């Protein structure tokens with residue numbers, strides 16, 4: 001994992017610093033929760049297979065649990081695990097009262113139907129916000145457990161005192177885990193929102209219109225300076241792993257001179273998503289008392 | 001209720017004709033269902049208060065049930081009914097096995113939290129598609145019970161052999177019942193989708209970009225010819241009642257010369273929504289066997 005350089009440029013969102021602030025709040029909340037209820041919040045993670053980035057992400061989540069005082073339980077299953085076995089394990093976790101949050105690390109192996117698996121996690125323990133009931137509540141404006149990456153974007157805007165109300169937002173990528181929920185959460189805040197994706201014609205003609213540009217495609221360096229409006233706020237939340245390093249969807253060095261504010265890869269919203277997962281686990285523990 | 005004039009202009013979507021086709025299919029399906037299971041599909045409607053358009057819509061739904069052979073049960077509650085009483089009635093309907101679909105006519109009186117009520121309808125009987133679980137499934141691309149008006153738009157596109165894949169769609173209005181689900185369903189079909197609303201600046205600059213323009217605001221005559229791209233497909237799904245007549249959000253006479261295809265008010269998607277409700281009730285009955 002790359003070391004994150006210290007952020008001194010005011011145009012660059014320092015996700016690590018925001019994450020530390022969130023974790024400090026969660027840590028205090030965990031202590032309060034323990035003194036009130038005599039038990040400690042707990043997160044169970046489920047990792048299937050040997051996908052190296054997934055293994056790293058799960059490890060980072062366990063480290064974060066340790067920092068904020070949340071118990072973490074680590075379930076590692078082999079690549080060839082069947083869908084029924086994963087669903088069975090989730091059912092067990094749903095039933096155990098001392099487990100408050102369940103996280104299934106995505107992506108799952110190709111023979112597994114991810115959406116089917118996500119539907120099995122009890123909505124109360126769905127700290128990643130992927131259960132359709134929580135997705136649907138978000139869609140109608142009742143945000144509870146929502147996906148952590150788009151929530152990180154909202155949080156970063158709040159920290160930067162930017163209200164998206166009436167602003168033009170362009171989201172590139174229409175995945176269930178980032179693009180669609182990001183669009184919905186910005187719509188809930190009364191931004192004008194456009195969603196583009198791989199089938200969009202003349203992408204640049206759309207991205208240049210954005211006051212806030214959110215990119216989540218997994219195509220390294222897709223966004224160049226000429227695709228960005230002068231002074232725009234750019235959230236790069238795409239991830240490509242190459243030679244044990246992560247790269248974003250935005251050509252950072254090219255784009256930086258044009259932006260008003262940018263969330264880079266690595267170091268932007270990324271570190272925040274794990275802090276938000278901690279927040280959700282505490283929220284889940286509180287809901288289950 | 002206005003009589004719908006016969007549609008002879010090929011640019012005008014004849015929703016009544018499409019609705020008749022859907023109802024004919026549902027009628028056949030209902031007969032099959034009865035001969036297979038020995039019972040008849042049934043829809044319970046719940047109407048609260050004396051809102052005249054709502055009373056009319058419920059009556060039209062009962063007439064449609066009669067046409068296709070679905071049992072309809074009519075629950076009328078006074079304006080001052082409490083939220084608990086409505087939820088209690090829904091709970092009873094959820095439990096009765098001979099009721100397959102439950103429709104709560106919107107809008108509900110101001111003292112009722114509509115979203116809270118919608119959450120109480122069993123997802124299996126949620127023929128209007130407003131339960132957040134069904135909304136969330138739609139969001140992740142598993143469309144089952146989805147709101148009837150946006151489904152009518154999709155059906156009208158299919159009937160007209162128009163694939164929205166890669167087309168630019170602009171939705172005006174971000175309500176939970178039309179705007180947001182319409183945007184999601186078009187995104188699921190890989191259109192590039194923008195959602196505008198009352199807080200959008202310079203609406204015209206957005207609407208003129210649309211290959212497919214969907215308007216659902218309830219502002220009579222909001223859309224004029226100069227806001228529409230030459231040859232665009234326009235769906236007017238806004239409704240304003242004035243002097244016992246309905247008016248759409250699109251200034252029809254002004255816009256018609258510019259469009260490639262238009263769904264008018266009255267007569268476009270409107271009549272289709274009720275036919276789709278019938279389809280959903282049959283679907284619910286099948287799911288509950």
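Using the three backbone atoms N, Cα and C, a Cβ is placed for every residue, glycine included.
As written in TrEMBL, here are the features:
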type	residues	note
DOMAIN	B:13-128	domain 'Tetrahydrofolate dehydrogenase/cyclohydrolase catalytic'
DOMAIN	B:147-288	domain 'Tetrahydrofolate dehydrogenase/cyclohydrolase NAD(P)-binding'
BINDING	B:173, B:174, B:175, B:239	NADP(+) binding site
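Feature map: TrEMBL annotations on the structure.
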{"residue": "B:173", "record": "NADP(+) binding site", "CB count, 10 Å": "24"}
{"residue": "B:174", "record": "NADP(+) binding site", "CB count, 10 Å": "26"}
{"residue": "B:175", "record": "NADP(+) binding site", "CB count, 10 Å": "17"}
{"residue": "B:239", "record": "NADP(+) binding site", "CB count, 10 Å": "19"}
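Looking just at the domain 'Tetrahydrofolate dehydrogenase/cyclohydrolase NAD(P)-binding' (B:147-288), the mean pLDDT is 97. Filtering the binding-site residues B:173, B:175, B:239 for a Cβ under 8 angstroms from any Cβ of chain A leaves an empty list.
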